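Novice: Would you mind keeping the following structure in view while I ask a few things?
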Amino acid sequence: MSVDVAIIMGSQSDWETMHHAADTLEALGISFDARIVSAHRTPDRLVAFAKGAKAEGFKVIIAGAGGAAHLPGMAAAMTPLPVFGVPVQSKALSGQDSLLSIVQMPAGIPVGTLAIGRAGAVNAALLAAAVLALYDEALAARLDEWRKAQTESVAERPSNEA
């Protein structure tokens, strides 16, 4: 059985952000595989992964990166699969450097760029789910239920309780 979504990141420290994508996919019943694939420290691993991702059965790639953040763009350059980039918040510039690196792709190499940090990781998983749900009615129903539960979790009035 193939795995639908690949979650790749440049280093172990990126997992602090990227596990939110994994948690969201898991909550929706979507199969995923998380890997460390650094554009700078393991370039051969990146090339092998990106060029082989479709053959492995992946349908979507979520790529998280901080700092120079070349991973999403380099992966997108080597695969026909949709790539969603998540800027990981960095200490130096709070992830703004990563955001600009990921979002400024040249025409012809698209990367769907999300928000910095946790929100971006969750939304990348939700976008991946939406893509997969186009061809999976059961997943579409689970995604609708997830959104309904999110809506129902929002209070109508503010509270002093924590």
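The backbone N, Cα and C atoms fix where each Cβ goes, and this holds for glycine too.
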Novice: Check Swiss-Prot: it lists Ser11, Asp14 as binding substrate. Then name which of Arg35, Arg41 it lists for that same site.
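Specialist: Candidate in the recorded substrate site: Arg41.
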Novice: Once Ser11, Asp14, Arg41 are set aside, which residues in the chain still have Cβ within 8 Å of the Cβ centroid of the substrate site?
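Specialist: Apart from the listed residues, the neighbours are Met9, Gly10, Gln12, Ser13, Ile36, Ser38, Ala65, Gly66.
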Novice: List the same-chain residues at least 6 positions away in sequence whose Cβ sits under 8 Å from the Cβ of Asp14 (substrate binding site), in sequence order, or say none.
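Specialist: For Asp14 (substrate binding site), the qualifying residues are Ile36, Gly64, Ala65, Gly66, Val88.
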Novice: I want to check the contact list for Ser11 (substrate binding site): same chain, sequence separation of six or more, C-beta distance under 8 angstroms. What comes out?
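Specialist: Within the chain, Ser11 (substrate binding site) has Cβ neighbours under 8 Å at Ile36, Ser38, Arg41, Gly66.
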